[in-house]
Amino acid sequence: MFDDQISSARDRVVEPVGQIIDRVNSFFREVVNTQTNTDDRVSSTEKILRDAVKGLQDANNEVQAAESNAVQKYNAAEKALKDAIPKLGLTNVSPVDYDIILTRMLEPVARRYWEEYSVKPRVEEFNAKQRLLAALDNIALVITDVLSKSQSLTVAINQVKNEREAKANAEAKARAEAEAKARAEAEAKVRAEAEAKVRAEAEAKVRAEAEAKVRAEAEARAKTAELMTKAGVKPTPVYTPEMVKSAQASLAAVGAMVLNRAPGMLQLSTAAEGVLTTTSELAGSIAGAVWRGAIALAEAATVSTAGATVSALVMGFWPTEAGKGSDKLYGRDIVMFGFQANLIAAGKVSISPEMHSVDLPVRGSLVMENGQQQVRLVKTSIGGVPASVPVLKAVRDEKTGLDRITLPTVGGTPSRTILINPAPVGPTAPPHTGNSSPAPVTPVHTGTTVKQADSIVTTSFPADYLKELQDFIYWQPDATGSGVEAIYVMLSSPRDMPGKVSGKGQQVGDGWLSKAGQELGSPVPSQIADKLRGREFASFDSFRKAFWQEVGNDPALSKQFKNQNKTNIKNGKSPFVRESERVGGRQRFELHHVKQIKDNGAVYDVDNLSITTPRRHIEIHKEGK
């Protein structure tokens with residue numbers, strides 16, 4: 001019974017006494033270190049705690065003595081019991097039966113022996129344990145008292161420390177405030193003088209910055225004006241209603257070739273059917289195709305075939321749904337294609353406003369192939385394709401406010417006049433408001449879809465087909481409005497424009513093409529002229545195909561050809577010439593304009609056409625005929 005109570009009493013001792021005393025001693029050291037024992041609250045609490053600690057040490061000594069005594073009494077009782085059991089014949093008896101046997105069976109002498117040597121030591125053991133239990137209960141109370149007094153000392157120490165800290169802070173604050181006041185008074189005078197100086201300097205700086213800004217803006221305007229003047233670019237005029245009316249009439253006139261002032265954008269211009277200005281997304285796609293084509297051609301190897309160059313198709317034009325089934329040749333009536341000149345320069349040349357011409361590594365042309373209008377880029381400086389492209393300046397028409405660029409007659413191309421509407425369009429155009437000044441609006445073309453080629457493939461191409469290659473560069477304000485950008489414009493060949501057939505032709509007989517290699521070649525047969533007269537064609541290519549098909553359908557003419565050539569002309573292809581009349585890749589009969597297109601020769605007048613061999617065709621042009 002006592003063992004369980006003693007164990008429970010030991011559990012109530014929450015912490016070893018030595019550990020408690022060590023912690024309390026740390027409190028005493030803190031009192032000394034912080035010098036808080038000079039305060040009566042701390043010193044009195046410290047004294048009380050020291051007395052409590054002494055009591056704890058005494059109680060601990062008492063517990064240790066009681067534990068030692070209890071152990072001795074337990075060992076003595078166990079030894080006495082061990083000695084008595086064999087003497088009393090209890091060796092094989094269960095301890096629970098000792099009292100029964102001793103009471104009933106043993107003699108009085110034996111019972112007295114049992115009580116003297118077994119019961120009495122056990123009673124002394126129980127008394128010792130009872131004293132130990134009392135000592136343990138006492139030390140638990142003493143520990144609680146010591147811990148409580150330790151807490152009281154901690155509170156007193158913290159209270160004194162806080163008060164001292166608050167006092168020190170207050171004194172420091174007072175000193176700081178006094179020092180700050182002194183400094184403030186000392187600095188006030190200096191500051192007042194400095195502020196006056198700073199104000200004067202700031203005012204001078206503001207004046208200087210304002211003057212510098214005015215100068216910079218004036219210099220920027222002057223620089224921009226100088227750059228615009230050098231590039232031949234005039235600012236957008238202030239339009240009057242009369243100017244707008246005249247400009248609108250010019251922009252919509254039959255055969256008018258028009259471009260917009262559209263910084264950073266690409267343009268497709270049709271013959272009197274408006275201008276298509278690309279969106280930013282489409283502009284990026286088209287520009288990428290032009291750039292890739294220009295790079296591929298600029299870096300392509302030269303060809304060995306005489307009279308040939310390297311070319312690539314980079315995009316084509318398709319009619320939109322709105323253009324299908326109408327009498328408009330949407331997708332085949334593009335007369336100009338304009339874009340940033342740096343794309344076709346391919347990083348090989350720089351273009352500046354003072355230039356009158358630029359040698360480009362690549363040039364472009366709008367061509368008609370298989371009934372579809374496409375953009376063909378060609379490598380220059382080989383096959384007789386010149387690299388020089390004129391840089392032209394616009395002339396302002398004061399009546400309409402429009403700019404005019406006149407293309408001179410070059411090679412096989414006639415002179416042309418281009419109208420440029422200087423009223424900005426696109427993202428850089430100023431927003432329209434109710435108070436906006438009037439300005440001419442270029443008709444918008446919506447009937448054509450532009451698609452870039454699936455891949456850029458360079459191929460050899462007869463340079464003679466590019467006699468009417470016509471392009472130019474002009475300048476317009478860039479998207480920032482503070483600079484200029486060079487715009488490259490390629491034009492379609494007159495032979496790629498739609499037209500109606502006219503002329504009577506001549507009577508021919510057997511051996512019709514026998515003179516194709518002589519003089520100006522063989523004439524167009526009158527019966528073929530009768531078949532074609534009055535018919536309209538989208539391009540000279542389509543006319544050429546129809547011409548040979550009609551020859552194939554004419555018995556008197558078709559019988560003059562061998563079977564292979566009969567098949568060719570039936571399919572609209574020109575027949576092959578003798579090998580002696582072939583030049584490089586040019587192996588078939590060709591149509592020659594007697595009066596060249598550059599001299600305003602009629603494209604679709606059969607009386608202005610003759611049939612020649614490639615060799616004779618080249619000779620005619622060399623002779624200037």
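Just so you know, glycine gets a Cβ as well, placed from its N, Cα and C.
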49-76, 105-132, 301-328, 525-552 - the range that TrEMBL marks as coiled coil: 49-76
By Cβ distance under 8 Å, which residues at least 6 away from the ends of the coiled coil (49-76) in the same chain are close to it? 17, 20-21, 24, 27-28, 121, 124-125, 127-129, 131-132, 134-136, 138-139, 142-143, 145-146, 149-150, 152-153
Sort the residues of the domain 'Pyosin/cloacin translocation' (351-490) into helix, strand and coil with DSSP and give the three counts. 4 helix, 66 strand, 70 coil
Mind looking up the mean pLDDT for the domain 'Pyosin/cloacin translocation' (351-490) in the predicted model? 81
